[in-house]
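Contents: one structure, followed by commentary.
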Amino acid sequence: MIPTMSKWMSLVSIMLLVGVSLRFRSVNGLNMGYYLMSCPFVDPIVKNTVNRALQNDPTLAASLIRMHFHDCFVEGCDGSILIDSTRDNTAEKDSPANLSLRGYEVIDEIKEQLERECPGVVSCADVIAMAARDAVFWAGGPFYEIPKGRKDGSRSRIEDTVNLPSPFLNASQLINTFAQRGFTPQQMVALSGAHTLGVARCISFKGRLDGNDPLLSPNFGRALSRTCSNGDNALQTFDATPDSFDNVYYNAVSRGAGVLFSDQTLFASPRTRGIVTAYAMNQALFFLDFQQAIIKMGLLDVKEGYRGQVRRNCRRVN
């Protein structure tokens, strides 16, 4: 009787897992159970490696999430951000917009483990998406699952990074830029909440200090000026809890302490102010909207089948 019940429960579990995978299957062929048979331990390998890295350096959480964003907004979520430059080609990672990205060695370590466990199966694009997911959760944010099956691209060119949103855009420009990728204003504001982690370099906001930024309060302007007195690479946290994924970023923006112009404009614009206020008051709402938005972001222009490959080394095409 007991073995029969055990088999029945196992069958039910498998059916539920298949149901979940089918539910999240998208038009591009991705699904939750993509590696269920071919590399069943992919998720714990990624999670354990990310957790070890973040225990040693919590600031890497922001970098891994930012890496996922910068990968997806240029040529889609295809791991192109990981490709090294060559003598004949300057790759995305060497664009000024990407020079501050960190965490490539974490992706390398994950990929090396996966190649030993299940060679030629898990794409670098999926590794980035999973690493970002685990970084969000490790830092205290929501856990979300992602459909898998992305393939890696073979193109990585510096000129393509022009598609990345600039920190100097106003709310209308941000709304239009994200709308071109299928995002609503609310999803744009939710994704901006990733700035709850990490820091900004002076060079990305020193243009606000010339006295002509109507959104910059005198008191906060002095604080930013003190940071920039240490040079263009001096670091300024986005909020008071730079290693915790929470809604403190929106509270900072609400009181005029948005570091980047593109941060503060979200509260200045009537089109997005209400969303900022809602997230500042309700962290659970922010978490819900963020996880839905980042899952959607992870589906941008994914490559499948002959359109991509599974790189053996994430830093170069096969």
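Glycine too: its Cβ is placed from the backbone N, Cα and C atoms.
Taken from TrEMBL as is:
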| type | residues | note |
| --- | --- | --- |
| DOMAIN | 29-318 | domain 'Plant heme peroxidase family profile' |
| DISULFID | C39-C118 | disulfide bond |
| BINDING | D71, V74, G76, D78, S80, E92 | Ca(2+) 1 binding site |
| DISULFID | C72-C77 | disulfide bond |
| DISULFID | C124-C314 | disulfide bond |
| BINDING | P165 | substrate binding site |
| BINDING | H195 | heme b binding site |
| DISULFID | C202-C228 | disulfide bond |
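Overlay of TrEMBL feature records on the structure.
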residue	record	CB count, 10 Å
C39	disulfide bond	19
D71	Ca(2+) 1 binding site	31
V74	Ca(2+) 1 binding site	28
C77	disulfide bond	30
D78	Ca(2+) 1 binding site	30
C118	disulfide bond	16
C124	disulfide bond	30
P165	substrate binding site	19
C228	disulfide bond	18
C314	disulfide bond	23
D71, V74, G76, D78, S80, E92 excluded, remaining Cβ within 8 Å of their centroid (Ca(2+) 1): H70, C72, F73, E75, C77, G79, I81, G153, S156, D160
Cβ-Cβ neighbours of C202 (disulfide bond) (radius 10 Å): 19
Across the domain 'Plant heme peroxidase family profile' (29-318), average pLDDT on the 0 to 100 scale: 96
D78 (Ca(2+) 1 binding site) and C118 (disulfide bond), distance between Cα atoms, whole Å: 20
Cα within 10 Å of C314 (disulfide bond) - qualifying binding-site residues among V74, G76, S80, P165, H195: S80
Those residues of the chain, 6+ apart, with a Cβ under 8 Å from that of G76 (Ca(2+) 1 binding site): G153, L300, D301, V302, K303
